[in-house]
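What TrEMBL lists as transmembrane segment is 59-79, 91-112, 124-144, 156-174, 186-204, 252-273, 294-316, 389-407, 413-434, 475-493, 505-527, 533-551 (among others). Residues or ranges marked as domain 'Cationic amino acid transporter C-terminal' in TrEMBL: 506-556.
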């Protein structure tokens, strides 16, 4: 084994660093799949931050944060595109299906968050299951998605606020001729919004929740107003007939395929609840508050989205709905109702602010816990003694986001959280199955790993057939065969492989069926994304690999050597640690 002297670091001098690089293969093999226990995450690793985050949040705070994180600007665009191009009036069914999918994924997050109430969210869940390297790759992509999406959303705030006051976007921005297209529109309003939200997130988590509550209440009031106006002014006949008789008619004009394609598009409107799981360390009673907060927020949003979809479908026939601004356009076409368009702009602005606030709370806590693991500098993990918030991570990512929002035209408003986050949802669903059925040192992991690989491959084949095969009888036969095969694989696994552990407080219902449905749906949605999304995912994943190889694995190895980290691939003390961890939760309240 490679020697390691206490007090030395791999970065103390250029010569030492070069020697460390020569030892990269051995260090990588030691650290890449090293896992920690839940007790370590909530004690020794958590202690890297110095001060602890205050437990001030209750279930209603989490519900407010979940609603604020999900109901953003995306729904005002996604609904129009999905209805006009895919589902027609049955867009309400698409929203119900997508909401069910989101709820299944939220269950996976909830089991982990109750068992491991720390700020790391998916990063921590994957690290205690699959190891340090997979967790770093997923966490790095997730943070980059957050930063880029927040920058785009803040620029979208400028556009919606302008529409509320009857001003064009060009009047809020100014062009610098020396910069290339796409980087030459300077947006100072977006920068001010990001910096203001950053200050709030640094100041206090409790105060951030109060601000979110106010903005979310205003936004919900606006949504209820739009729903009521739609039902009052709309016509139920629009739910079954198009404006052009030559277009397909009925409530399901494009059949079942249109409903599911619409669900794939509107699913992105539900993403945002994952940021709530990063607040688990600041929840007063994780066992009771987290399930109510995460699941409750998703359930409320499902109802609001379905009502919004019905309202929009009643306002106009589906073939007249504008794909870019469906609600604003629907009212602007009616004489005497143009003022509602300004209300839509104001309401969307509130939605952007709430989603931005929740996302920036989440991204800072992801970075904080990644800093605790030492794969990025521990400076990011520090919690301020007065504010009890990860000030360093919040300020750094806030400034980085503001810099991007200043001049970069990021056209990702529709995909607020794109392939990186869907990949993380996929990993979390796999992780919750692996953790239920595998206890290293007690059970063999290969049956569960083989099942997860086989089920994923079957889901990929189904997705490829759905997307690429022409509509015909052979296509539906192949899809049916894949569906039967997937069900058989799950049933055989369920009957043959026993669970290694049972959650003490809250667990995903109908294991392993619920997370398997989540795995399938996330793969299906990944198949609906465009090529640029995969290119960006590959680029950032490759960049993350380089960071891990040239910095993270050596910093993590140093931390293991000085006793800060001591992760092993055994869980012989996991049962004892599980009991002790509950005392940590109680003492932290």
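Just so you know, glycine gets a Cβ as well, placed from its N, Cα and C.
These figures come from a predicted structure and were not determined experimentally.
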Residues from the same chain, set at least six apart from the ends of the transmembrane segment (186-204), whose C-beta lies under 8 A from its own:
150-151, 154-155, 157-158, 161, 172-176, 211, 353, 356-357, 360-361, 364, 384, 387-389, 391, 394-395, 398-399, 401-402, 405-407
Winner by Cβ pairs under 8 Å against the transmembrane segment (505-527), considering only 59-79, 91-112, 252-273, 294-316, 533-551:
91-112
State the non-local partners of the transmembrane segment (252-273) in its own chain: residues 6+ outside its ends, Cβ under 8 Å from one of its Cβ atoms.
66, 68-72, 74-75, 78-79, 81-83, 86-91, 93-95, 97-99, 101-102, 106, 109, 242, 294, 297-298, 301-302, 305, 318, 355, 358-359, 414-418, 421, 471, 521, 524-525, 528
Counting only residues 6 or more past its boundaries, what in the same chain has a CB within less than 8 Å of a CB in the transmembrane segment (124-144)?
28, 31-38, 41, 109, 112, 116, 118, 363, 366-367, 369-370, 373, 375, 397, 420-421, 423-424, 427-428, 431-432, 434-435, 537, 540-541, 543-545, 547-548, 552-553, 556, 567
Which residues of the chain, 6 or more past the ends of the transmembrane segment (294-316), have a CB below 8 A from one of its CBs?
59, 62-67, 69-71, 75, 79-80, 83, 88-89, 91-92, 94-96, 99-100, 102-103, 106-107, 109-110, 113, 220, 223, 226-227, 229-231, 233-236, 238-239, 243, 266, 269-270, 273, 276-277, 326-327, 330-331, 333
Summarise the domain 'Cationic amino acid transporter C-terminal' (506-556) as counts of helix, strand and coil residues per DSSP.
40 helix, 0 strand, 11 coil
Mean per-residue pLDDT computed across the domain 'Cationic amino acid transporter C-terminal' (506-556):
87
